[in-house]
Amino acid sequence: MNSYLIAPSILAADLARLGEEVQNVVDAGADIIHFDVMDNHYVPNLTFGPAVLQALKKYGIKADFDVHLMVEPVDALIEQFADAGAAYISFHPEASKHVDRSIGLIKSRGIKAGLVLNPATPLSVLDYVLPSLDFVLFMSVNPGFGGQSFIPYTLDKIRQLRKRIDELGLNTRIEVDGGVKTNNIAEVAAAGADMFVAGTAIFGAENYKVAIDEMRQQLANASK
Ligand SMILES: O=C(CO)[C@@H](O)[C@H](O)COP(=O)(O)O
Ligand SMILES: [Fe+2]
């Protein structure tokens, strides 16, 4: 099993103080920074583009950025986020006409490529492309907003994919996004996930380090 990565989602940060907020979660022990890109087309919300990622890098953020594209189409933004310095890029398969080509585009820029499955998207979308992916992102809420509740049937999907990855001998990571909190992260890890996005559970906490430490403690218990 890969080591666990905790990825605070900046959607829940105080956006008026974004640079400071991101530095604070990095100092509090975040492994990577989850960057939600919404276009008011693929999802009914609008967030930030590559210029914001570039600005955060210029501000001095050294952590890797995990760019979650909730946009349609995807290829032009893959290029722009690659130029801006993304370390991970994921997209939703229904938002790309040519999924294999979009994955290839991400990888051709030396970036880790992920495919995102909405709650009701079947695992069969991974047929044929799973070996070329660095990670699969399971949405455990419907995409578009932070602060929603974890959809429990996601756990079964995670278990099924973990089995498939292990049987194939792949080292694909499984990321889970939406409603992940201190009180369910152990269960999500036990199902087979190893990357955990948490927006409100971290940025909504009084002390980011206490929140991240509690998650790590839960993860340590889960792997015992
Ligand atoms: O991609 C999304 C929502 O579409 C997420 O990354 C959320 O931003 C996670 O927020 P919480 O559910 O952890 O508050
Ligand atoms: Fe996300």
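Every residue gets a Cβ built from N, Cα and C, even glycine.
It should be emphasised that the depicted structure is a prediction, and the values quoted were computed from it without experimental measurement.
The active site, proton acceptor feature in TrEMBL is assigned to ASP36. Every protein chain considered, the tally of other Cβ atoms within 10 Å of the Cβ of ASP36 (active site, proton acceptor) stands at 24.
Feature annotation from TrEMBL assigns active site, proton donor to ASP177. Cβ neighbours of ASP177 (active site, proton donor) (same chain, under 8 Å, six or more residues apart in sequence): SER9, HIS34, HIS68, VAL116, LEU137, PHE138, MET139, SER140, VAL141, VAL197.
Summarising the annotation, TrEMBL assigns substrate binding site to SER9, HIS68, GLY144, PHE145, GLY146, GLY147, ASP177, GLY178, GLY179. When secondary structure is read from DSSP and collapsed to three states, HIS68 (divalent metal cation binding site) falls in the strand class. Other Cβ atoms within 10 Å of the Cβ of HIS68 (divalent metal cation binding site), summed over all protein chains shown, number 27.
Summarising the annotation, TrEMBL assigns divalent metal cation binding site to HIS34, ASP36, HIS68, ASP177. The Cβ neighbour count for HIS34 (divalent metal cation binding site), using a 10 Å radius over every protein chain in view, is 28.
Sorted by the number of other CB atoms within 10 A, the binding-site residues GLY144, GLY146, GLY179 start with GLY144, the lowest.
Listed in sequence order, the recorded positions among GLY144, GLY146, ASP177, GLY179 whose CB lies under 6 angstroms from an atom of ligand 2 come out as ASP177. DSSP assigns GLY179 (substrate binding site) to coil, not to a helix or a strand.
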